[in-house]
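J.: According to TrEMBL, the feature domain 'Response regulatory' maps to A:4-120. Annotation source TrEMBL lists 4-aspartylphosphate at A:Asp53.
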Amino acid sequence: MTKTILTVDDSRTMRDMLLLTLSDAGYRVIQAEDGMHGLEVLAGEKPDVIVTDINMPRLDGFGFIEKVRHDAEHRAIPILVLTTESDAEKKDRARRAGATGWIVKPFDPTKLVAAVRRVAA
Amino acid sequence: MDPMAAIRQTFFQECEEQLAELEAGLLAMENGEADSETVNAVFRAVHSVKGGAGAFSLEDLVGFAHVFETALDHVRAGKLEPSPEVLKVLLRAADVLADLVRAARDGGSIDESRAQKLADELRALNPSAEAEPEDDLSGLEFQPVHAAFDFDEDAPASPSENVFIIKFKPKPSLYAKANEAMLILRELGSLGTVETSCDISELPLLSELDPEGAYLSWTIKLTTPKSEDTVREVFDFVTWDCDLDIVNEAAPQGEPASTADNEVAALLARVLNGLDASPAGDEAPESPVAAPVAVLASALTDDAEPAAAKPAAAAKHAAEAKHATEAETKAVATIRVDLDRVDRLIDLVGELVINQAMLAQRVTEAGLARASNVVIGLDELEQLTREIQDSVMAIRAQPVKSVFQRMPRLVRELAVMTGKAVRLVTDGEGTEVDKTVIERLTDPLTHMIRNAIDHGLEKPEARIVAGKPEEGTVRLSALHRSGRIVIEISDDGAGINRPRVKQIAIDKGLIPADVQLSDEEIDNLIFLPGFSTASEISDISGRGVGMDVVKRSIQALGGRISISSRPGRGSTFTMSLPLTLAVLDGMVVTVADQTLIVPLTAIVETLQPKAGEIHGMGGSARVISIRNKFTPLIDIGRELSYRANVADPMSSVVILVETEGGGRSALLVDAIQGQRQVVIKSLEANYRHVPGIAAATILGDGRVALILDVDAVIANAQAKDLPVEASEAA
């Protein structure tokens, strides 16, 4: 069965790239524009993996991950964080919030798919 | 289109939005109006540009955005005070960033020394003042995901196999983050040959088992050509959430791993099975829910298949998919549409309006009763047509913000060039107007702002002497007024220097030396072609573009411009423009058997002249006395060469119009048919430019009618009938 990936990113460019890369790899992709929107989408979906940005309006990546991890229905979904190379502290914070893993931005399509595959059950 | 090219286009579009957001945010910060969300948005804007630029390998852009982002991060973290000086640097950095984006998009280059200088200035803002540890990965606890799936190409030069003994004991937190021991074992399996034993000694009784606990640990013997780093990368995501011990057995003679655990071997076989499956067809255990329990169950019994609940799950999934579509639809509030499609729709609605008018006319001609069903139905159709037209126009309407937001940068640059302190205040940015109008507003606005700063505002010293604040204010505002958009540009500078303006006009031979002019008329001299305050021609406004060009471009939009100025207090330029270039309210008139449209906006009043009111001026020129004021009378029929002789005013109608300079003229037409909204069709695009005619339209009976260019007709007439000053008070 086709796996579904939810991407959460406020940048249209990034959303488009994630969509292209992940659908090319055979995934079904659903998208949200920020953490808040991500939670709304989750209300009606149960993706296999979530890929989320950190810097977003309304609800950032940290808040989003925390909320997902406190949601009984979605807590077990692997969440990958898109991080920039110099964000050691952010990565740590994301991990403490409950991130499953991370993808370095700008991402390489192969590595993105590899990271998704790595956490997808 | 190549998908990457399309994304690249999206990226640049998005950059423009981010840049606008960045500038707006920085300006709000400068005005002390910024809350933390604004500061965050500013940071995000630069961050986002950097992220996208990285994806497209735009190194210059990434480099600058990174330095910029670092400075903004300090502001965000409260380590850098956003003082006016700091904001000046940030604003100029935003300008450079915009230039870099455009250079990246259009393939041009930018002044590198400028970018370098600003990058240095940004670095100097760094509170710790020492060189920033640029992209220093050495200090990171985390290692980025390197190609963990580099199956063969990264194999060490020596073909010798490494044998790792890996002791892996997950903590509950590993599962809490949705990591999965099974997946890690699967990945290890992909690196080479594994022998795995599972330690189940810590497993409690089922009744005491905490489903969120972690009770299993593994010892894995991995024989692989890969390096230890590659092996450690497998545990990248879980380093903190497990006890891990990796030992490289130099020689492949390590103690053989116990293979007693058949259950685990079976599990591993299944896990490895899932490895080559594509994600689309992956049949590995489906539900990650209570993953530890699933692993546990598999380890204990052979046939506890975690995927047993699959059909039910699939059905649920399908139901959920519907929900998701709804959720997505709800969140997407706008769509992007090719402008051509909207234009086509507007064209079609124009046709519909014309068609509806034709139908109405036919019905009238057929002599049907006013209360007949057909007429009533037609009235409803007209109502609907109007509404459709308004709605379609609204699609293309945009806030003037897109033009206004280009101005702060202009003001900053001009302030630097002129050595003046300027503050730009904008108002009514949300005022909407048709996109066709917006696109043509930038140039006139740019020029008038230049003018206001270069000519209007005084130097700081002069302002202090005049008892004004050192910093001058330029105000840009937009508002809707009676179906038009009014845009004002005002400054609190010295106002128009009337004696000098008049002298320049005399010197240039634009007006006779002895002419008597009102203050208003003097002010309007600056709109004359050829007028320029040449004695102080500068780089800024002396670009060969005078106010006459501004005036003409405003008129070309069907707009008017006027000035009001008070010496020592400043000047205000007011532009009044139609909301759209697609339709126009007009008065339908007859001239020498021709039907013409006079734009309603120009008309002040209409009247039937009386015998005593018309006075000859020598030649064929005549004036009409309206309320004791003589106004030049222009016979439209003769002006447009429909007839050779001047019409008899007594059997004609006079339309009093206001010209863009604020003066008045009287147009002579044969009769007035009525008032209606007409769809504007470009005459130039379909035929050619005709002096005195602004455009054309199609009437209800299918005939083409010309739309009068009131100002052009008057200007032509005045050029011919020299006595320009005829309008002086009697």
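Just so you know, glycine gets a Cβ as well, placed from its N, Cα and C.
Bear in mind that TrEMBL entries carry predicted annotations, made automatically and left uncurated.
In terms of burial and nearby residues, how do these features look in this structure?
T.: Summarised as a single figure, the pLDDT of the domain 'Response regulatory' (A:4-120) averages 85.
Non-local neighbourhood of A:Asp53 (4-aspartylphosphate): A:Val8, A:Asp9, A:Asp10, A:Ser11, A:Met14, A:Gly61, A:Val81, A:Leu82, each in the same chain, at least six residues away, with C-beta under 8 Å from its C-beta. A:Asp53 (4-aspartylphosphate) carries neither a helix nor a strand DSSP state and counts as coil.
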J.: Let's see if you can do this one: DSSP helix, strand and coil counts over the domain 'Response regulatory' (A:4-120), in that order.
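T.: Residue counts for the domain 'Response regulatory' (A:4-120) by secondary structure: 51 helix, 25 strand, 41 coil.
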